[in-house]
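A short write-up of the structure that comes next.
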Amino acid sequence: MSKLPGELARDLECSLPAVASLGSSLSHSQSLSSHLLPPPEKRRAISDVRRTFCLFVTFDLLFISLLWIIELNTNTGIRKNLEQEIIQYNFKTSFFDIFVLAFFRFSGLLLGYAVLRLQHWWVIAVTTLVSSAFLIVKVILSELLSKGAFGYLLPIVSFVLAWLETWFLDFKVLPQEAEEERWYLAAQAAVARGPLLFSGALSEGQFYSPPESFAGSDNESDEEVAGKKSFSAQEREYIRQGKEATAVVDQILAQEENWKFEKNNEYGDTVYTIEVPFHGKTFILKTFLPCPAELVYQEVILQPERMVLWNKTVTACQILQRVEDNTLISYDVSAGAAGGMVSPRDFVNVRRIERRRDRYLSSGIATAHSAKPLTHKYVRGENGPGGFVVLKSASNPCVCTFVWILNTDLKGRLPRYLIHQSLAATMFEFAFHLRQRISELGARA
C-alpha cells in the first residue's frame, strides 16, 4: 500500500480540527452523566499513591525500631541496655531519641496525611526540618561515632528516610492527587453546564436506528427513550456502563493538550498515552484518513462483525446482544502479539454507539455476559473505557481524523514494557489494515 505523501498528510492535518477544539465546541452539548463522577464514598477513600506513602512512613518506623533493637541486643542483654538508653538517658550516647524521632515522624505524617488527609506539604516540612536539625546536632555533639557501625548507621538511615518521605509526597502524592482532582472538577463542570445544542446522542445508523424506533427523534433524550421501553435490571446496567464509557472518552478527547507523545510511524500515525484517574494508563492512536468519515463509520463502528475480514489484529468478533438502539454487547478475540510472546486474548465489552454532528463515536468497557463465560482456551482480558472516534472535517468532507482510545488489562504475568510495546504495535498494525481496507473500497468504487 502506498503511503500518503508528506504534503498531503500536512494538508489533511490543516483541514481537520484538533480533537480538543472539537471537544470544546459541539461535544460540550453532550453533558456528562452523573455516573462518570465517582460516588461520594469513593471520593472520600484514600488514594493508592497516598496509601503507598503511608506504608513507607510505617516502614520508616519499623526499620529504625529494628536497627535499634539489634543495637540493644548485646552481651549485656536487652533489658539492661533499655534501662541505660531510656531510664539513664544520655543525649551523647543514647539511640533512644532517634527511635522517638522516627515515632514523631510516623505519628505526625499519618495524622496529617492518613487521618486528616491534608493536601498541603506543611506537615512533612515540619517533620523533615525537625528530623534534619536534630540529627545534625546529635551527630556533632554526641559520642555515637565511638560506638561502632551503629553510631554511623542509625543517624544516616533516619536522615535518608526522612528526605525520601519528603520527595515521595512532594513529587508523587500531591501532584497525582491534584491531577485526579482536576479531572473530577472538569467532569463536575461538564455536568453542571448541561446540554447546549441538543440533548442526548442521536443514533441514525442503519443498524441501530430503525424507522419506528425513538432514537431518530431530535427532541427525545436517552432517558425518555428508555422510559418508553421495558429493560431488565441487567440491561439498564449495560446502558449505564456504556454511558459511563462514553463520558470518560469525551473527557480524554477534551484533554488532548495532556496527551503524552509515545511514537509515530512513516504513515503519520501517532500513538499517545494519558493517565486516566481510576483507570490508569490509556493509549491513543490518532491518524488522518483520505476518505469520508461515513466510510470509516460503516466499516469500523457499524459493522464490527465484518472487521475480521480485513483487520488482522482481531480473529473473531460476535454481537452477543443488542440491548437498545445505541447499546450492544460484543465478544472479541485478539490475535497474538509481540512475535507470539503475548498470546490471544478474548474480551466481552459493552459498546455504546453515538452519531453526533461533528463525529461518530463507539465507546466501550469490559462487562460480563452469560453467553460467554470464562474459558480455558483464552485468557480473558479486561478493557477499561475506550473506543473509536471518527471526527468529521468542517472544511473537507472527503477526509477525516480517526482516533482509537485503548485502555486494557491483558491479564497474565506479562512484563509492563512488553505490554506497552505490543499495544503500540497493534495500534499501528490496525491503522495499516484500515488504510488497506479504504484503498480496496475506493478501487471498487
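Quick reminder: no glycine exception, Cβ is built from N, Cα and C everywhere.
Different topological domain names are assigned in Swiss-Prot to Leu144 and Val403, which places them on opposite sides of the membrane. Given the ranges 207-212, 339-344, 357-362, the record in Swiss-Prot names 207-212 as motif 'FFAT'. Touching of the transmembrane segment (52-72) and the transmembrane segment (149-169) is concluded from the presence of at least three CB pairs under 8 A, sequence neighbours closer than 6 excluded.
Listed as Cβ neighbours of the transmembrane segment (149-169) (distance under 8 Å, sequence separation of 6 or more from its ends, same chain) are residues 52-53, 56-57, 60, 63-64, 67-68, 70-71, 95, 98, 101-102, 105, 109, 113, 121, 124-125, 127-128, 131-132, 135, 138-139. With a cut-off of 8 Å between Cβ atoms, the residues of this chain six or more beyond the topological domain 'Cytoplasmic' (116-120) that come close are 46, 50, 174, 177-178. Sequence-distant contacts of the topological domain 'Extracellular' (73-94) (same chain, at least 6 residues past either end, Cβ-Cβ under 8 Å): 138, 141-144, 147.
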